[in-house]
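> Have a look at this one.
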Amino acid sequence: MSKLEDAIAKMKSSNVRITTQRVAVLEYLLNCEFHPSADEIYKAMNTRFPSISRATIYNNLNILCENGLARELTFGNAPSRFDGNTKDHYHIICNNCGKIADLQYPLLKEIEVFVEQIAEFKVSHHRLDIYGKCVTCYD
(Lines of atoms letter the chains of each structure in order from A and count residues from 1; the text may use other names and numbers.)
(Lines give C-alpha, C1' and ligand atoms only; values in the text may rest on other atoms or scores of the structure.)
Protein backbone atom coordinates (compact mmCIF):
# COMPACT_ATOMS: atom_id res chain seq x y z
CA MET A 1 0.00 0.00 0.00
CA SER A 2 1.34 3.47 -0.87
CA LYS A 3 1.65 6.31 1.65
CA LEU A 4 -1.32 8.01 0.01
CA GLU A 5 -3.45 4.86 0.19
CA ASP A 6 -2.48 4.40 3.85
CA ALA A 7 -3.41 8.00 4.60
CA ILE A 8 -6.77 7.71 2.82
CA ALA A 9 -7.50 4.53 4.79
CA LYS A 10 -6.67 6.40 8.01
CA MET A 11 -9.03 9.23 7.00
CA LYS A 12 -11.81 6.71 6.33
CA SER A 13 -11.27 4.98 9.67
CA SER A 14 -11.41 8.39 11.41
CA ASN A 15 -14.63 9.28 9.56
CA VAL A 16 -12.92 12.15 7.74
CA ARG A 17 -14.73 13.00 4.53
CA ILE A 18 -12.66 12.12 1.48
CA THR A 19 -12.80 14.98 -1.01
CA THR A 20 -10.85 15.44 -4.23
CA GLN A 21 -9.28 18.64 -2.92
CA ARG A 22 -8.36 17.12 0.46
CA VAL A 23 -6.69 14.16 -1.24
CA ALA A 24 -4.86 16.54 -3.60
CA VAL A 25 -3.51 18.59 -0.66
CA LEU A 26 -2.46 15.41 1.13
CA GLU A 27 -0.79 14.00 -1.98
CA TYR A 28 1.05 17.28 -2.50
CA LEU A 29 2.38 17.19 1.06
CA LEU A 30 3.41 13.55 0.80
CA ASN A 31 5.33 14.19 -2.43
CA CYS A 32 6.72 17.61 -1.55
CA GLU A 33 10.49 17.72 -1.04
CA PHE A 34 10.29 20.93 0.97
CA HIS A 35 8.02 22.16 3.74
CA PRO A 36 5.48 24.45 2.08
CA SER A 37 3.47 27.23 3.64
CA ALA A 38 -0.31 27.27 3.23
CA ASP A 39 0.13 29.97 0.58
CA GLU A 40 2.57 27.81 -1.39
CA ILE A 41 0.10 24.92 -1.21
CA TYR A 42 -2.69 27.25 -2.34
CA LYS A 43 -0.65 28.35 -5.37
CA ALA A 44 0.15 24.74 -6.28
CA MET A 45 -3.48 23.63 -5.90
CA ASN A 46 -4.86 26.68 -7.74
CA THR A 47 -3.53 25.42 -11.07
CA ARG A 48 -5.46 22.17 -10.66
CA PHE A 49 -8.48 23.66 -8.86
CA PRO A 50 -8.89 27.27 -10.08
CA SER A 51 -11.86 27.90 -7.78
CA ILE A 52 -10.17 26.63 -4.60
CA SER A 53 -9.96 29.19 -1.80
CA ARG A 54 -7.28 29.81 0.78
CA ALA A 55 -9.89 28.98 3.43
CA THR A 56 -10.31 25.52 1.87
CA ILE A 57 -6.55 25.01 2.01
CA TYR A 58 -6.42 26.06 5.68
CA ASN A 59 -9.43 23.90 6.57
CA ASN A 60 -7.92 20.87 4.86
CA LEU A 61 -4.54 21.43 6.52
CA ASN A 62 -6.24 21.68 9.93
CA ILE A 63 -8.12 18.42 9.33
CA LEU A 64 -4.97 16.65 8.12
CA CYS A 65 -2.99 17.86 11.15
CA GLU A 66 -5.77 17.01 13.62
CA ASN A 67 -5.86 13.46 12.24
CA GLY A 68 -2.10 12.92 12.32
CA LEU A 69 -1.64 13.00 8.55
CA ALA A 70 0.46 16.17 8.49
CA ARG A 71 2.40 18.33 10.91
CA GLU A 72 2.32 22.07 11.28
CA LEU A 73 5.75 23.54 11.87
CA THR A 74 5.90 26.96 13.47
CA PHE A 75 8.97 29.18 13.48
CA GLY A 76 8.38 32.34 15.48
CA ASN A 77 6.57 35.00 13.47
CA ALA A 78 7.19 33.31 10.12
CA PRO A 79 4.27 31.62 8.34
CA SER A 80 3.63 28.04 9.42
CA ARG A 81 5.09 25.32 7.24
CA PHE A 82 3.54 21.91 6.73
CA ASP A 83 5.13 18.48 6.61
CA GLY A 84 3.60 15.31 5.22
CA ASN A 85 6.20 13.21 7.02
CA THR A 86 4.66 12.57 10.42
CA LYS A 87 7.35 10.17 11.64
CA ASP A 88 9.87 11.51 14.14
CA HIS A 89 12.58 13.37 12.28
CA TYR A 90 14.53 16.57 12.55
CA HIS A 91 14.96 19.70 10.46
CA ILE A 92 17.85 21.78 9.20
CA ILE A 93 16.88 25.37 8.44
CA CYS A 94 18.85 27.88 6.38
CA ASN A 95 19.12 31.26 8.11
CA ASN A 96 19.67 32.91 4.73
CA CYS A 97 17.03 31.55 2.32
CA GLY A 98 14.66 29.87 4.82
CA LYS A 99 14.89 26.43 3.21
CA ILE A 100 13.81 23.64 5.56
CA ALA A 101 15.07 20.11 4.94
CA ASP A 102 14.58 16.85 6.79
CA LEU A 103 17.45 15.35 8.73
CA GLN A 104 17.44 11.66 9.55
CA TYR A 105 19.88 10.79 12.31
CA PRO A 106 19.01 7.69 14.35
CA LEU A 107 21.30 8.53 17.28
CA LEU A 108 19.04 11.44 18.21
CA LYS A 109 16.46 8.84 19.27
CA GLU A 110 18.85 8.02 22.11
CA ILE A 111 18.06 11.41 23.66
CA GLU A 112 14.43 10.37 24.05
CA VAL A 113 15.44 7.03 25.60
CA PHE A 114 17.89 8.81 27.91
CA VAL A 115 15.23 11.25 29.12
CA GLU A 116 12.77 8.44 29.80
CA GLN A 117 15.30 6.31 31.69
CA ILE A 118 17.32 8.89 33.60
CA ALA A 119 14.74 11.60 34.25
CA GLU A 120 11.80 9.21 34.60
CA PHE A 121 9.89 11.37 32.15
CA LYS A 122 7.50 9.91 29.57
CA VAL A 123 8.23 11.67 26.27
CA SER A 124 5.17 12.34 24.11
CA HIS A 125 7.10 14.08 21.34
CA HIS A 126 10.06 16.31 20.71
CA ARG A 127 11.41 18.60 18.04
CA LEU A 128 14.93 19.52 17.02
CA ASP A 129 15.68 22.25 14.51
CA ILE A 130 19.26 23.00 13.49
CA TYR A 131 19.96 26.41 11.98
CA GLY A 132 22.79 27.42 9.67
CA LYS A 133 23.44 27.96 5.96
CA CYS A 134 22.45 25.51 3.24
CA VAL A 135 24.93 24.51 0.54
CA THR A 136 23.37 26.94 -1.95
CA CYS A 137 23.78 29.92 0.38
CA TYR A 138 27.13 28.79 1.78
CA ASP A 139 28.91 28.97 -1.59
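Every residue, even glycine, has its Cβ placed from backbone N, Cα and C.
Sequence annotations record features per position, and here TrEMBL assigns Zn(2+) binding site to Cys94, Cys97, Cys134, Cys137. Summarising the annotation, TrEMBL assigns Fe cation binding site to His126.
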> In the same chain, outside Cys94, Cys97, Cys134, Cys137, whose C-beta lies within 8 angstroms of the Cβ mean position for the Zn(2+) site?
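Here the non-site neighbours turn out to be Asn95, Asn96, Gly98, Lys99, Lys133, Val135, Thr136, Tyr138.
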> Long-range same-chain neighbours of Cys137 (Zn(2+) binding site), Cβ under 8 Å, sequence gap at least 6?
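Correct list: Cys94, Asn96, Cys97.
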> Rounded to a whole angstrom, what is the C-alpha distance between Cys134 (Zn(2+) binding site) and the residue listed as 'Fe cation binding site'?
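Cα of Cys134 (Zn(2+) binding site) to Cα of the residue listed as 'Fe cation binding site' measures 23 Å after rounding.
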> Does DSSP put Cys94 (Zn(2+) binding site) in a helix, in a strand, or in coil?
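The three-state answer is strand.
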